[in-house]
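Engineer: Here Swiss-Prot flags 6-26, 49-69, 89-109, 117-137, 151-171, 181-201, 224-244, 256-276 as transmembrane segment.
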């Protein structure tokens, strides 16, 4: 089965939604599921469940490309000599520690979450709840100075605590970046360091989630399914590059409250539409 023009447009739109919402703390999975309620892909439910996760690989690639110098643990002086960047290695060990809680909980409860919590009402409630949290936390932080200003300042204990907050993002509508940023802000991490650690944490977390979904689905793709994945990931990559640049520039001068208000408004709209 070949993709028709309308289906290609749907995939492009979903890629745009993924690229925008993956890095802003507004829940990419929640937005993808909501969009699917109105613009449904003509694919099996099993494929769509996998697609909504694996499309994140495009967004991951954008982070790797943009933060390569910070992420790559080696620095080459010349063709035959390289220097190990100890701070980068240390940071990756901290990221690994932060990944453990969500990896365990994701494997244990993936089927339950997919079966019971992927609903518009759950998404709406989580959008509103975490929107309120963003506003409350940012108002509280006006009178406080961050105790952890840079990535290098993040301790193993802080990394683990951020990882525990990431578990909350398994509930659709929460937002992986939203949960980790809220957790980081609560324990005294600066906005910029919180966002950067979230980007680092996204790489193994989303690679692991994508691999898990691919293994569950199997690798027996039709040509249409494979094309859907490629288009979705390519669009998500391109859009993510611009969104990451915007977010890092934005949070240097502004707080996250605007995203909190957006979440609240969207959550209320979803509840109203669902009730009609």
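Backbone N, Cα and C define each Cβ position, glycine as well.
Describe each of these features in terms of where it is and what it packs against.
Structural biologist: Taking Cβ pairs closer than 8 Å, the transmembrane segment (49-69) reaches residues 14-15, 18-19, 22-23, 28-29, 32-33, 36, 41, 43, 114, 196, 199-200, 202-203, 206-207, 209-210, 213-214, 216-217, 228-229, 232-238, 240-241, 244-245 in its own chain, all 6 or more past its ends.
Residues 25-27, 30, 33-34, 37, 171-175, 178-179, 182, 185-186, 256-257, 259-264, 266-268, 270-271, 273-274 of the same chain lie 6+ residues outside the transmembrane segment (117-137) yet bring a C-beta within less than 8 angstroms of a C-beta in it.
Sequence-distant contacts of the transmembrane segment (224-244) (same chain, at least 6 residues past either end, Cβ-Cβ under 8 Å): 1-3, 7-8, 11-12, 14-16, 18-20, 22-24, 41, 43, 47, 51, 54-59, 61-63, 65-66, 199.
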Engineer: Could you name the stretch, out of 6-26, 181-201, 256-276, with the greatest number of CB pairs under 8 A to the transmembrane segment (89-109)?
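Structural biologist: Between the candidates 6-26, 181-201, 256-276, the best contact partner of the transmembrane segment (89-109) is 181-201.
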Engineer: Do any residues of this chain, six or more beyond the ends of the transmembrane segment (151-171), have a C-beta under 8 angstroms from a C-beta of it, and if so which?
Structural biologist: 70, 87, 91, 93-95, 97-102, 105-106, 109, 113, 117, 122, 126, 178-180, 182-184, 186-187, 189, 193, 196-197, 200-201, 205
Engineer: For the transmembrane segment (181-201), find every same-chain residue at least 6 residues outside the stretch whose CB is under 8 Å from a CB in it, and list them.
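Structural biologist: Same-chain contacts beyond the ends: 23, 25, 63, 67, 70-71, 91-92, 95, 98-99, 130, 133-134, 137-138, 141, 144, 146-151, 153-154, 158-159, 161-166, 244, 247-248, 251-252, 255-256.
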